[in-house]
């Protein structure tokens with residue numbers, strides 16, 4: 001049991017050790033300073049020339065957003081076109097059929113917005129062509145979109161007054177060539193050498209040792225899984241994601257994948273400090289996020305390692321913990337650690353089934369997505385945190401009776417309105433969506449009997465989890481939910497779109513507005529944003545806005561279930 | 001918008017080639033040096049491929065070590081967990097039923113010796129492993145079915161136990177059963 005705890009501590013520490021130098025490297029890449037992969041510059045120039053882009057043209061924040069939204073629109077149309085016709089396209093050795101329009105709509109949006117909610121199973125729902133040209137492709141570009149958006153904010157927070165915030169395509173392409181592609185190559189090769197398949201051949205038919213005939217699904221798994229984790233996407237090649245033994249064959253691959261999905265969000269925090277030459281600001285942000293992370297991690301690990309009391313009552317030995325929905329090669333601790341890192345970070349891949357976790361572990365998973373700012377997804381985690389930060393600066397400013405300032409720029413009504421709208425949008429989408437689903441279900445339980453796999457409190461948790469996961473662009477699920485229906489495909493599809501682009505546009509707009517303002521040098525009355533005191537303030541804001549808004553819904557779901565069990 | 005549309009199309013095409021063709025091809029080429037050329041590690045008996053080393057398969061005969069319950073009955077063309085919540089009464093009744101069956105099939109084993117993972121379904125439905133304890137309680141049944149000494153079978157379990165340096169200790173069920181067949185062919 002103790003070696004399991006040592007295992008997760010080791011995974012976390014190794015992540016930090018790797019993230020710090022990566023942060024410094026990323027700051028160099030995005031400042032345009034000398035760095036390790038400068039030999040790729042001719043490749044990048046080639047890409048820009050082929051695309052007809054002048055990567056040195058500086059853009060205002062609005063121009064950035066138009067460029068970002070336009071190219072995202074192109075990807076959406078491309079994805080939906082391929083998914084609806086994949087049955088007649090090449091590289092489909094298993095003969096899987098084309099998607100229905102509502103499922104294709106949901107899937108295209110879901111991968112476009114880096115969420116990767118999956119209302120299909122990879123083995124039967126996608127051709128290899130779709131796995132590469134839609135899924136793998138979108139996993140690369142959606143992660144790069146998030147990182148590029150964060151870099152716009154980095155640029156805007158410098159101590160100067162300007163409209164010009166660099167070039168979107170430059171940030172976006174460099175996120176791919178300098179970070180996501182090289183990183184994925186390393187991760188994919190580790191996976192391939194540990195037994196994850198990388199083949200274009202279809203299912204293999206074989207007769208098992210005791211004489212059963214089976215078909216074994218495989219495919220270009222290693223390449224796809226690498227970017228799935230590194231880009232905090234989370235959508236699995238197979239139906240059961242990283243619980244599947246070909247997608248995550250052993251403890252080493254589990255650690256590799258878990259580090260891959262955590263490293264960029266943490267490195268981006270340090271990159272901010274290196275970029276702005278304000279390392280203490282990075283430490284404050286990292287500290288707040290880590291406190292939040294550990295507070296959610298501890299209960300999940302505790303409850304999973306102690307097992308299900310209802311199973312203990314049967315009189316059996318539960319020394320490995322709650323093993324329903326978990327794999328023996330990972331064990332309870334590494335499964336709980338994985339589930340929390342994947343929910344605070346909007347990755348949403350799973351190596352165990354969240355639906356079968358103990359109620360309070362499920363609650364901490366949901367809280368991770370409800371706050372959505374502890375490390376967070378590639379780039380967008382920092383953007384969410386930035387909105388909380390602005391609110392905290394404003395409230396702190398009011399408390400001490402000074403004009404709220406952040407990094408030498410005044411925070412005024414317009415910025416505050418945007419920050420508040422962005423942070424309140426999240427609970428609105430989740431709670432309104434869940435209320436609508438619960439209302440629809442209770443109106444006609446017989447017709448919607450296929451929705452819920454579990455009765456009672458847990459059934460409500462399944463619906464709450466699905467909308468939380470959509471609004472957080474997370475993509476994991478309480479997979480008992482029968483979600484491939486028009487209600488869920490279209491409902492969550494709309495939530496996904498709103499919850500992706502408004503929280504990108506909002507923080508970038510705030511940063512763009514701040515960049516235009518006059519820089520006020522620090523004085524005796526300046527509120528310092530890089531202190532522990534201010535860190536506590538931000539944590540309180542996150543707790544009040546994110547956690548308390550959801551408390552009533554959580555009380556009806558996981559909390560009620562907890563007290564019926566313990 | 002118009003100024004961005006054409007570059008967006010062209011950049012998308014370039015990146016499609018880079019991310020969905022060049023990158024997978026690179027990994028594919030690298031995987032040619034990996035075990036079994038990146039097609040997944042297979043296991044053979046007498047020259048016939050009987051399964052994937054990492055992927056669990058169905059064993060429900062008494063003369064084999066039986067794996068964990070599977071929500072998809074070890075159908076490797078799909079994968080799924082049960083997704084049953086911890087308080088679901090139907091689910092708890094099913095676990096109780098699995099326990100009763102297990103005790104019936106393995107006389108002499110007491111409830112408190114049964115590890116919970118042997119009566120709960122895995123996440124993938126294809127879990128290739130058992131804990132050593134879950135294998136040990138099946139030793140007497142297998143020894144009897146194959147006319148072997150219980151100590152010999154227990155020796156195999158010990159031999160095939162992989163010490164999880166960081167994760168839990170585990171036994172690969174397919175490899176263990178292959179060793180069992182090598183020792184005393186199953187009568188079929």
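Just so you know, glycine gets a Cβ as well, placed from its N, Cα and C.
Fair warning: this is a prediction, and the values are worked out from it, not measured in the lab.
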_Of the residue ranges A:461-485, A:536-560, the one that TrEMBL records as transmembrane segment_ = A:536-560
*So which range, A:205-222, A:223-240, A:241-258, A:259-276, gets flagged transmembrane segment in TrEMBL?*
A:259-276
*Considering pairs 6 or more residues apart, do the transmembrane segment (A:283-303) and the transmembrane segment (A:132-157) have at least three CB pairs under 8 Å?*
no
*Long-range neighbours of the transmembrane segment (A:487-515), counting only residues six or more past its ends (CB under 8 A)*: 60-62, 64-65, 68-69, 72, 102-103, 105-106, 109-110, 112-115, 117, 119, 145-146, 149, 152-153, 155-158, 160-163, 165, 380, 383-384, 386-387, 390, 406-407, 409, 411, 414-415, 418-419, 421-422, 425-426, 429, 433, 436-437, 440, 451, 466-467, 470-473, 481
*Contact set, same chain, for the transmembrane segment (A:6-27): CB under 8 Å, 6 or more residues outside the stretch*: 33, 35-36, 179, 251, 255, 258-259, 262-264, 266-275, 282, 301, 331, 333-334, 337
_Are there residues at least six beyond either end of the transmembrane segment (A:536-560) with Cβ under 8 Å to its Cβ atoms? List them, or say none._
284, 288, 291-292, 359-360, 362-363, 366-367, 370-373, 388-389, 391-392, 395-396, 423-424, 426-427, 430-431, 434, 457-458, 460-461, 464
_Distal contacts, the transmembrane segment (A:178-196) - CB-CB under 8 A, six or more residues away_ = 26, 29, 35, 37, 40, 140, 143-144, 147, 221-223, 225-227, 229-231, 246-250, 252-253, 256-257, 260, 264
